Amino acid sequence: MANSGETIDNKPTSKKTASRGHRRNAKKSLTLIQTIEVLSIKVDVTHVYVVLTIRLSFDTGTLIIISNTHFRSSQLIFVSITTTILAHSINNDAHQLSLQSLLESASAAVTSHTLLSNFDEDQVSLTFPFASSSHITSPSNSSSSFPTDELRSQTGGYHPRDEVDDYPQASDSDSDLRSPKRLRLEEITEIQPAMRINQGENGVGGSTNGVSLNSSNGDSQNATNGQALTDSRMQRTRQQELVRLMVQAMQDMGYSQSAATLEQESGFPLESSAVAKFRDGVLKGDWALVESLFPTLELDHNKDVVVVRFLIRQQKYLELLEARQIKKALIVLRNELTPLDFNLERLHSLSSFMMCSNAEDLRRRAEWDGAKGTSRQKLLVEIQKYISPSIMVREHRLETLLEQATTLQRISCLYHNTNEYISLYSDHVCDRSQFPSVTTHIFRQHTDEVWYVAFSNNGRFLASASKDKTAIIWSLETWNLVHVLRDHMDCVSFLSWSPDDSKILTCGQDNVLKLWSVESGECLNTIKKHEEPVTACAWLPDGKRFISGSQDKNTYLWNLDGTIVHKWSGARIADLAINKEGTRMVAICHDNKLHIYDLETRKEEAIMDENAKLTSICLSSDCKYALLNLSTKEIHLWDIDERRIVRKYFGQKQGRFVIRSCFGGIDQGFIVSGSEDSKIYVWHREHADLIETLSGHKGSVNSVNWSPIDPYMFASAGDDKTIRIWGPPSSADHNGKMKTP
């Protein structure tokens with residue numbers, strides 16, 4: 001056994017010399033590393049010394065590397081990579097890669113964030129932290145792991161097993177293990193400068209995972225700046241990605257000559273010539289060329305290959321049908337599409353298109369705009385989903401990144417409330433001066449508590465419902481009272497504007513539902529069907545039907561003339577809302593449940609449980625989210641489709657009364673709620689941060705509503721018999737003094 005200070009060159013050379021002779025005669029060039037797999041791991045836990053046997057799979061064969069290396073306890077070594085890592089052209093005389101070079105390159109390739117696509121941690125299938133206290137078991141070390149005959153046939157008779165005796169064995173002493181014995185990188189050609197690893201005289205890299213082994217003494221270790229090399233490589237990768245995205249953006253904007261100049265000057269083409277031909281072939285409908293270029297796409301899975309082939313051949317088939325080349329289309333269907341054995345349901349649909357009488361009928365039935373439409377461009381976009389973005393950059397990628405950046409700034413801006421263009425020249429920040437934080441007007445005509453307030457859909461009017469048995473319509477153009485609706489016999493608790501704002505529904509404690517003309521203030525219809533207070537009502541988008549909910553466990557769908565279209569029974573309704581399409585009703589009940597009804601089938605679609613009494617519901621403008629007030633001083637934001645709570649908002653005081661909240665601001669980025677402590681609470685919708693607590697009312701604030709057309713205005717109604725209009729400080733009259741009609 002060798003002494004402690006002995007280097008690899010002091011070992012007997014007979015077997016090594018013979019094996020190197022084989023390597024000189026090897027003519028097979030290994031060109032593409034596809035996977036790295038650890039065959040065995042031997043660890044000396046005392047010295048944190050690792051002996052690795054690694055198998056590299058190339059596109060032309062397999063290579064085994066045995067190496068021994070010291071590692072710091074805080075470092076990670078990636079021992080299995082599931083994606084293509086390096087593209088090195090190997091000299092015929094060198095069939096062994098420096099393990100350190102390989103691992104550093106692999107680590108950088110997998111862990112560095114890329115501009116071309118989102119980072120996916122699943123790219124790394126296995127990692128091991130090497131620490132002095134760890135015990136690592138070898139995955140496998142059987143003789144079958146060495147593809148002896150196959151590898152010898154590809155490397156002129158050479159096999160790494162011929163040199164196993166030259167490397168550390170399990171029986172080696174501590175001094176033997178500390179000796180830096182490993183395969184040296186003899187020569188690597190056509191490697192980018194940022195990917196090169198400098199070699200020491202003894203074959204040990206100048207940076208060995210952050211640890212330098214002195215060639216004159218196997219026991220000494222000096223820290224080097226291995227991180228600087230990694231940073232340099234990452235910087236070059238980022239530079240290459242940025243240049244490619246700039247080239248793409250220039251081409252998108254029509255600056256083709258400038259894009260070509262940038263490609264030439266930087267040496268970074270947007271795409272390889274093969275990929276460019278593939279793209280051009282798809283857009284021109286040259287399907288033979290497209291399929292011949294499949295190997296250049298480097299699709300990861302066989303299933304992806306089948307999917308992409310199916311998409312291409314489907315387009316080819318449809319274009320032949322469109323051109324009325326029925327026989328050729330039939331050949332494609334039978335000989336090219338059917339053998340793929342993919343998506344049989346779609347295959348049956350494609351077969352049925354044979355019966356189309358003409359091209360127009362085909363385009364209509366296939367929902368496809370033809371060869372001269374956008375179908376080829378759409379096909380290319382669909383194909384790109386299965387191709388690595390490093391091979392074929394996604395469409396408009398730089399524009400997408402910029403949009404993501406501005407979106408992030410907008411979301412991060414707590415007071416964002418503007419639809420103005422966000423410049424790329426500086427970071428975006430909205431200040432509080434444009435937020436509706438002061439009272440600009442007060443309406444005082446009600447003689448008792450105001451329980452509900454709502455803007456008209458066109459934003460020109462405001463309506464309020466009160467305990468004083470009336471509802472009032474206000475003009476927001478003149479700030480004057482328009483009509484007082486006086487026909488109710490008890491408190492008016494709720495109202496709803498028709499889609500065209502020509503009518504308004506009111507309901508309340510007298511168990512009746514009333515329909516009013518907004519123009520004249522006249523009561524058009526009184527509906528007396530409910531046996532207990534009517535708690536909520538809402539219009540369908542056609543303006544000819546509406547729904548009312550009550551504590552009597554009955555919910556009715558009505559025509560304008562008061563005839564019943566449908567009846568749901570069993571739930572004591574506290575509040576309800578209808579989506580803009582009129583296809584879904586969402587209702588909250590006194591049993592702490594959220595009910596969803598399909599208005600087309602008239603059947604209950606889902607029931608979701610809450611943990612406390614629910615007092616109100618408000619749908620977002622896109623009708624995908626529902627805002628629920630709970631008596632436990634919480635507001636919950638529900639995703640209706642996914643049927644889960646996505647945000648919770650805390651701070652307002654609620655327990656005894658019905659308190660209502662709403663969405664507000666540009667893109668409905670705020671959540672606003674009344675409170676029993678006389679204040680109004682405002683949260684940032686995305687972050688759930690409480691950003692404002694507004695004072696002004698002298699009693700419980702029962703209802704708030706944000707203008708549908710003015711992002712700088714909302715209204716509130718309270719027990720102090722008033723309705724307040726809120727706006728930015730700059731909108732207050734006479735240096736901050738409010739207007740009182």
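Using the three backbone atoms N, Cα and C, a Cβ is placed for every residue, glycine included.
Automated prediction, rather than curation, is the source of TrEMBL annotations.
From a predicted model like this one, the values you see are computed outputs, not experimental measurements.
TrEMBL has this to say about the protein:
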COMPBIAS  1-11  compositional bias 'Polar residues'
REGION    1-23  region 'Disordered'
COMPBIAS  13-23  compositional bias 'Basic residues'
COMPBIAS  132-145  compositional bias 'Low complexity'
REGION    132-234  region 'Disordered'
COMPBIAS  175-187  compositional bias 'Basic and acidic residues'
COMPBIAS  209-232  compositional bias 'Polar residues'
DOMAIN    271-328  domain 'CTLH'
REPEAT    443-484  repeat 'WD'
REPEAT    485-526  repeat 'WD'
REPEAT    527-561  repeat 'WD'
REPEAT    694-726  repeat 'WD'
Near the repeat 'WD' (527-561), which same-chain residues lie under 8 Å Cβ to Cβ, leaving out any that are not at least 6 residues past its ends?
493-500, 502-503, 505, 507-515, 567-578, 580-582, 585, 587, 590, 599, 602
Please compute the mean pLDDT of the model over the repeat 'WD' (443-484).
97
Short question: which residues 6 or more past the ends of the repeat 'WD' (443-484) have a Cβ under 8 Å from it?
490-497, 499-501, 504, 506, 508, 516, 518, 520-521, 658, 660, 699, 702-710, 715-719, 721-725, 739-741
Secondary structure content, the repeat 'WD' (527-561) (per DSSP, counts of residues)
0 helix, 19 strand, 16 coil
